[in-house]
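In TrEMBL this protein carries:
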{"type": "DOMAIN", "residues": "23-288", "note": "domain 'NADH:quinone oxidoreductase/Mrp antiporter transmembrane'"}
{"type": "TRANSMEM", "residues": "56-75", "note": "transmembrane segment"}
{"type": "TRANSMEM", "residues": "95-115", "note": "transmembrane segment"}
{"type": "TRANSMEM", "residues": "152-171", "note": "transmembrane segment"}
{"type": "TRANSMEM", "residues": "178-196", "note": "transmembrane segment"}
{"type": "TRANSMEM", "residues": "202-219", "note": "transmembrane segment"}
{"type": "TRANSMEM", "residues": "240-261", "note": "transmembrane segment"}
{"type": "TRANSMEM", "residues": "281-302", "note": "transmembrane segment"}
{"type": "DOMAIN", "residues": "290-343", "note": "domain 'NADH dehydrogenase subunit 2 C-terminal'"}
{"type": "TRANSMEM", "residues": "323-345", "note": "transmembrane segment"}
Amino acid sequence: MNPQAKLIFMTSLLLGTTITISSNHWIMAWAGLEINTLAVLPLISKSHHPRSVEAATKYFLTQAAASALVLFSSMTNAWHTGQWDITQLSHPTSGLILTSAIAMKLGLVPFHFWFPEVLQGSPLSTGLLLSTIMKLPPITLLYMTSPSLNPTLLTILALLSTALGGWMGLNQTQVRKILAFSSISHLGWMAIIIIYNPKLTLLNFYLYTMMTATVFLTLNSMKVLKLSTLMTAWTKVPSLNAMLLLTLLSLAGLPPLTGFLPKWLIIQELTKQEMIATATLMALLSLLSLFFYLRLAYCTTITLPPHTTNHMKQWRTGKPTNVLIAILTTMSITLLPISPLILALV
């Protein structure tokens, strides 16, 4: 892709995100979401492969439907209350429509079908944008409207997302699809706590973004798209592979790694809200996603698969690891001991 075109699309992406997260009026928020969608479409379809074009079409249709629902929700609220302010979403029907629209934008179950397909059809760099920065504006809208949302609906969506995100990722062999289902599962954890402690949702999102960025950038530097390629990539950059193992375990939420912090705090908050059954169910459902993270970790470091076909070993690259990947990996693994400082800052 032309560097000037890429610069324009990336600038538009940042502009759209900034407009949405800083707006008070529903129309401005909607405009920001539209700029975001239009800016990311060329980045999805830049390889001109039929799979990429299909992914871009699916993404456009779902995001357009979700944006129409956002407008419909805000207009219904304005009709009943005379308010266009985002924080004044007081009409219950508007709250339900908005929750459905944001769930569709984020890829929460049962509106999740587009997300794995779109991620599979996109390059790894665009997949990183779709999994991280594109989730920020919808989560910001949820954050601003959280006092007036329906807790029962959000809890059901969150439980279904955590269950299906873990369950559907079990049988995948494509790394991008596994990361898509991982994203759906993490969104379930964010959605369940948004009403009770919105700051925890943002903390979870920041840490998830950091760990996912580490995984995507590492896979991109090793040029890995499938589990079979991942199994033979250990010869290429052994040290980076070993760190990828720890990052994946951190993404799974195992102590004493960074990813344990949001899960721990969310379960603690749910227990304070006397939702002990929900907290227990969420903890049990996270075991499903732990299984496919362990599978990825196994493929990353335990050398060759146990079968007889000969694999071509990859040459070890003499290039040093990217500084950004090194910093992100370190943060993805070691932030748990300074959790009191993180909580003080949030």
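Counting starts with 1 at the first residue shown.
Backbone N, Cα and C atoms are what each Cβ position is placed from, and that goes for glycine too.
Sequence-distant residue pairs (6 or more apart) of the transmembrane segment (95-115) and the transmembrane segment (178-196) include at least 3 whose Cβ atoms are under 8 Å, placing the two stretches in contact. Across 56-75, 152-171, 202-219, 323-345, stretch 152-171 shows the highest tally of CB pairs under 8 A with the transmembrane segment (281-302).
Contact between the transmembrane segment (323-345) and the transmembrane segment (202-219) is supported by 3 or more Cβ pairs under 8 Å, counting only residues 6 or more apart in sequence.
Nonlocal intrachain contacts for the transmembrane segment (56-75), taken as residues 6+ away from its ends with a CB within less than 8 angstroms of a stretch CB, comprise 26-27, 29-30, 33-34, 37, 40-41, 44-45, 84, 89, 94-95, 97-98, 100-102, 104-105, 111, 114, 117-118, 121, 130, 141.
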